[in-house]
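> Quick paste from TrEMBL:
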BINDING   Arg21, His133, Thr350  substrate binding site
DOMAIN    41-378  domain 'Aminotransferase class I/classII large'
BINDING   Gly108, Phe109, Ser179, His207, Thr233  pyridoxal 5'-phosphate binding site
MOD_RES   Lys236  N6-(pyridoxal phosphate)lysine
Amino acid sequence: MTWQQRIDSALEQRRANDSFRIRQVNQQGSGRYLVQNQTRYLNFSSNDYLGMSHHAQVIQAWQQGAETYGVGSGGSGHVTGYHETHQQFEQQLADWLGFPRALLFISGFAANQALIAALTEKSDRIIADKLSHASLLEAAMNSPAQLRRFTHNDVPSLQALLAHPHEGQQLVVTEGVFSMDGDAAPLAEIAQISRNAGALLMVDDAHGIGVMGEEGRGSCDQQQIKPDLLVVTFGKAFGAGGAAVLCSESLADYLLQFARHLIYSTAMPPAQACALSAALNVIRHDESRRAQLRANIAHFRSGAAQLPLKLMASQTAIQPLIVGENQAAVNLASTMRERGFWMTAIRPPTVPPGTARLRVTLTASHTADDIDKLLEALYDATR
Ligand SMILES: *Cc1c(COP(=O)(O)O)cnc(C)c1O
């Protein structure tokens, strides 16, 4: 098979089973509204949970940072790219989350790849929740270590794998809040059994940070645990982009030696660190955004319970409505779109067969009236 044949055949396969992915161009997409082709939709697909992407102080901090430092960092953090703004923001994160150190990464995807690659060796075992994010599972599959997946949020399943005879070290991987079901991991129990087994625990809290816990400290704070490695990302509740790893002094020093995504990649623009720092100040001290989000979640759930669709147990901003068949989910998403509501149908293989769904995400930018309109349209569309 030639290269061209291989590429054509892969594309053909995607088209044949209705899983061909395309991107759509938006004029606006992160906030309360999504604007596409001059049409404005109420946006129920954004991860901008606290509405930070358009916060005036954050925008101003980014602009001022760019004026002071320029738009780029100029190099890897190991060469000339590490600025005082990075250092200050890392310190701010470490203080907020109660860890000795924080290291910035360009994205959550890069952070997860870097950590797993830098830490694991051939004799080791990575024990990850079955529903872990692609960035985690892919990194684990690429690692020379063995990958074992435990049943989603199932402590006995994790326990059984941890008890299995092994040679090297064990790394337990889970998320705080899972992106497709919106449910939370039983972190307190996972931390306890990981510690008892001498395993290192890594928690990716992409969907919990900023939203859960005291001052938005996330899922780990809410469940009163401290993992060995906490990954937080800034593309969701922070409304921007980038990520950080929180850990001990020695783990941070180790990652500075061996995390290739840090060493061989241009550091985050310093102005972005200024913006993130401004976002963190708002996230810590503006409880009203979390309160609005909580109210929106409660409002949506009480209304959605009347729909002929399965509402999942999620208490978070991610509220999937299970439709079942792929085509039915796609049709419902498109009907909702015609009525001015933007949300995505999620289909297998991203979710298990037979559980195609509308993935509704709520944010603090939505008003009670937005939620009422959404519920009304859902009633009409499913009647
Ligand atoms: C979004 C997400 C990531 C990726 O983070 P980016 O900063 O967008 O690369 C990693 N893990 C989880 C669980 C996520 O939801």
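Note that Cβ sites are derived from N, Cα and C of the backbone, with glycine treated the same way.
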> Determine, from DSSP, whether Thr233 (pyridoxal 5'-phosphate binding site) sits in helix, strand or coil.
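In three-state terms, Thr233 (pyridoxal 5'-phosphate binding site) counts as strand.
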> Of the recorded positions Arg21, Lys236, Thr350, which one has its Cα closest to the Cα of Gly108 (pyridoxal 5'-phosphate binding site)?
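Comparing Cα positions, the candidate nearest Gly108 (pyridoxal 5'-phosphate binding site) turns out to be Lys236.
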> Quick test of your reading of the structure: among the binding-site residues Arg21, His133, Ser179, Thr350, whose CB sits under 6 A from ligand 1?
His133, Ser179
> For His207 (pyridoxal 5'-phosphate binding site), identify the closest of the binding-site residues Arg21, His133, Thr350, judging by Cα separation.
His133
> If you count other C-beta atoms within 10 angstroms, which of the binding-site residues Ser179, Thr233, Thr350 is the most crowded?
Thr233
> Taking the domain 'Aminotransferase class I/classII large' (41-378) alone, what is its mean pLDDT?
97
> When you rank Phe109, Ser179, Thr233 by Cα distance to Thr350 (substrate binding site), which of the binding-site residues ends up on top as the closest?
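Looking at Cα distances from Thr350 (substrate binding site), the smallest one goes to Ser179.
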> Drop a 10 Å sphere on every Cβ of the recorded positions Arg21, His133, His207, Lys236 and tell me which sphere holds the fewest other Cβ atoms.
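Selected from the recorded positions Arg21, His133, His207, Lys236 on minimum Cβ neighbours within 10 Å: Arg21.
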> Which one is it: of the recorded positions Arg21, His133, Lys236, whose Cα lies the shortest distance from the Cα of Phe109 (pyridoxal 5'-phosphate binding site)?
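For Phe109 (pyridoxal 5'-phosphate binding site), the closest Cα among Arg21, His133, Lys236 is found at His133.
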> Taking only the Cα atoms, work out how far Thr233 (pyridoxal 5'-phosphate binding site) lies from Arg21 (substrate binding site), in Å, as a whole number.
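Computed Cα spacing between Thr233 (pyridoxal 5'-phosphate binding site) and Arg21 (substrate binding site) is 24 Å.
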> If you compare CA-to-CA distances from Ser179 (pyridoxal 5'-phosphate binding site) to each of the recorded positions Arg21, His133, Lys236, which comes out shortest?
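The answer is His133.
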> Between Lys236 (N6-(pyridoxal phosphate)lysine) and His133 (substrate binding site), find the distance joining the two CA atoms and give it rounded to the nearest Å.
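About 14 Å separates the two Cα atoms.
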> Specify all same-chain residues, apart from the site residues Gly108, Phe109, Ser179, His207, Thr233, whose Cβ lies within 8 angstroms of the center of the Cβ atoms of the pyridoxal 5'-phosphate site, ordered by sequence.
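Leaving out the recorded residues gives His133, Ser135, Asp204, Ala206, Val231, Gly235, Lys236, Ala243.
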> Most Cβ neighbours within 10 Å: which of the binding-site residues Gly108, Phe109 is it?
Gly108
